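This report concerns only the one structure given below.
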């Protein structure tokens, strides 16, 4: 009897209307993450001015968000493999939007610090939005659509800079926090029609549900599913191949069928995947990709979050011979626009590294 996998079905169906809707939903989640991160450039200086906190405490406000993102990235990845992508999409959206809105009501600095930490945990689910979208895209087109997907990050950073420009000059930082959390709320009404990843469903041996999702994709794209029975395959072990080069190990291999027990025990599967990445054959490539991703992220976030600090330095800079430089707040937003647009190139590189991983 003929069989086919989700990748076979998606390749035959192609990219169409259904994937475009998934892109819009996942892109909105990616956009909200960009807004919450870019918010840090504007939040620190205004909080320091209102509550008279030290420069160290101002920096701590950004640090707790990234600490939350670190915890969230690990936790949401495990939850998405264990309980489904949709579960993470819902819980992380509720956490990010809820804590973000409550941040606007913070009575003091400590309360704001705690709430922004939980916002960071919610924002740490950004990679689940990315994975969820890519699991609907044909394998041959994932690199291209990953670059297109990164445009949503740039849109989010530019939108946040525009919002800060309009709000901070007329209202207060509390309004900026509330309005920044608003796009996340817009995801909730569409959650009921959001499909679960067919790849995840197959991994959980829910073949009937996975086929129903694939049929929805085929109908929306006006295409047909392959003939045969839907199956799921797991990557085969390559330890027994001693003469294969490292580059050949990076090429996706044909997967072999696994059992429901292996699908449910995602924790042991994650450990096995980590051991495979750190094996002798893949260790060099794994460490290089990790370092490149770390270096790109370090440079990007450093430049983006330093925009406000550099603007403050320029504003206080004086020339004792000729004139004193007075720089208005508009230059801060202009600098952020330039940083965001330049970050578009950086995002493309980061997403290339993600797809390579």
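Cβ coordinates are placed from backbone N, Cα and C, and glycine is handled just like the others.
TrEMBL lists 22-357 with the feature domain 'Major facilitator superfamily (MFS) profile'.
Residues or ranges marked as transmembrane segment in TrEMBL: 20-40 (among others).
The transmembrane segment annotation in TrEMBL covers 60-79 (among others).
What TrEMBL lists as transmembrane segment is 88-107 (among others).
Among the features that TrEMBL reports, transmembrane segment is placed at 113-134 (among others). Sequence-distant contacts of the transmembrane segment (113-134) (same chain, at least 6 residues past either end, Cβ-Cβ under 8 Å): 22-23, 26-27, 29-30, 33, 36-37, 60-61, 64-77, 80, 85, 88-89, 92-93, 95-97, 99-100, 102-103, 106, 142, 145-146, 149, 197, 354.
As annotated by TrEMBL, transmembrane segment applies to 146-167 (among others).
Residues or ranges marked as transmembrane segment by TrEMBL: 173-191 (among others).
Among the features that TrEMBL reports, transmembrane segment is placed at 287-307 (among others).
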Inset, instruction - Summarise the model's confidence over the domain 'Major facilitator superfamily (MFS) profile' (22-357) as a mean pLDDT value. - result: 76
Inset, instruction - Determine which residues of the chain contact the transmembrane segment (88-107) at the Cβ level, with the cut-off under 8 Å and only residues 6 or more beyond its ends counted. - result: 29, 32, 36, 72, 76, 79-80, 115-116, 118-119, 121-125, 128-129, 132, 174-175, 177-178, 180-182, 184-185, 187-188, 191, 194
Inset, instruction - For the transmembrane segment (173-191), could you work out the same-chain residues 6 or more beyond its ends whose Cβ comes under 8 Å from its Cβ atoms? - result: 25, 28-29, 31-32, 35-36, 39, 42-43, 46-47, 50, 86, 89-90, 93-94, 96-97, 100-101, 103-105, 160, 163-164, 167
